[in-house]
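Peer 1: Take this structure, written in structure tokens, and hold onto it; I'll ask about it next.
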């Protein structure tokens, strides 16, 4: 019963923020969301979970305090609480910094890898997907008030590079996915400078891919690369799905992740942001290295093990229709990209 109440609080907090036009109610939704998710992060109770929940609380509380401070400053200078009406440059800058901290974007990304490493995969799934929606909604609305889009461009490039370099030599899957999240969010923030609609489309597709990889890891009960190398012994189908989704996260054709990078690159080049596109692609090449390394180790290598584990491949496997649909969207959405572009009327 308590878990259901907390899940309802997370849902209501996010919805309140996403559909609010006032900074006060947006802040209130963020607070409801934060107070609901922290007790869930403590289960199962352990020293690592307690440490991660404390880090998450401090970072989110600082960000929320900055948001209410900046929105109050904007109210005193302009008399407006409306999110879409931001006239004070100091207030806009403070709110952008606060949203960067909430999203875990560079240069304020320090908390995200440590928090994800300390929680279980189920909470990692929520933090990496659902918890991104409310701050991203606010950031898209605030970005329309920016006179200088180079702020978003700088944040985007720093996040992609930080995610790429941070993911190198990681052996823990949750930390690796945290740096992957930082890198992909950098791409989404970058396209905000030229197209809000495209940023929404790429956000939804990325969250679907991220949802898929976390559900596969939960199914395989893998938190380290060595665990993933033995996943073939549990279920070969989930093992294959994991490899395909990793390649999609890396942005290789013909998978869905390639559509994200192709559409964003095309939109940026159409707006003469060629240097930014080159930097984003360079950062993605770094990320692609550890995706390919992980796929190679998962598909072709075998961690040191004993003979008993090689007989577990007949373990019962129960398929879930929703998870399978998410998996298909994660790897096979590229042929539908022309339809999606026309549907959302994206300006390339």
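Every residue gets a Cβ built from N, Cα and C, even glycine.
Given the structure is predicted, the values throughout are model-derived calculations rather than measurements.
Pulled these from Swiss-Prot:
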- 1-21: transmembrane segment (TRANSMEM)
- 23-43: transmembrane segment (TRANSMEM)
- 56-76: transmembrane segment (TRANSMEM)
- 92-112: transmembrane segment (TRANSMEM)
- 123-143: transmembrane segment (TRANSMEM)
- 148-168: transmembrane segment (TRANSMEM)
- 176-196: transmembrane segment (TRANSMEM)
- 198-218: transmembrane segment (TRANSMEM)
- 242-262: transmembrane segment (TRANSMEM)
- 272-292: transmembrane segment (TRANSMEM)
- 321-341: transmembrane segment (TRANSMEM)
Peer 1: For the transmembrane segment (198-218) and the transmembrane segment (123-143), decide whether they are in contact, meaning at least 3 CB pairs lie under 8 A, counting pairs 6 or more apart in sequence.
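Peer 2: They do touch: at least three Cβ pairs between the two stretches lie under 8 Å.
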Peer 1: Any chance you could find the range in 56-76, 123-143, 272-292 with the most Cβ pairs under 8 Å to the transmembrane segment (1-21)?
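Peer 2: Looking at each of 56-76, 123-143, 272-292 in turn, the most contacts to the transmembrane segment (1-21) are made by 123-143.
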Peer 1: Would you kindly list the residues that approach the transmembrane segment (148-168) from elsewhere in its chain, counting only those six or more residues past its ends and only Cβ-Cβ distances under 8 Å?
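Peer 2: Result: 96, 100, 105-107, 109, 113, 175-176, 179-187, 189-190, 192-194, 273, 276, 279-280, 282-287, 289-290.
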Peer 1: I'd like to know if the transmembrane segment (272-292) touches the transmembrane segment (176-196) in this structure, counting it as a touch only when three or more C-beta pairs sit under 8 Å and are separated by 6 or more positions.
Peer 2: yes
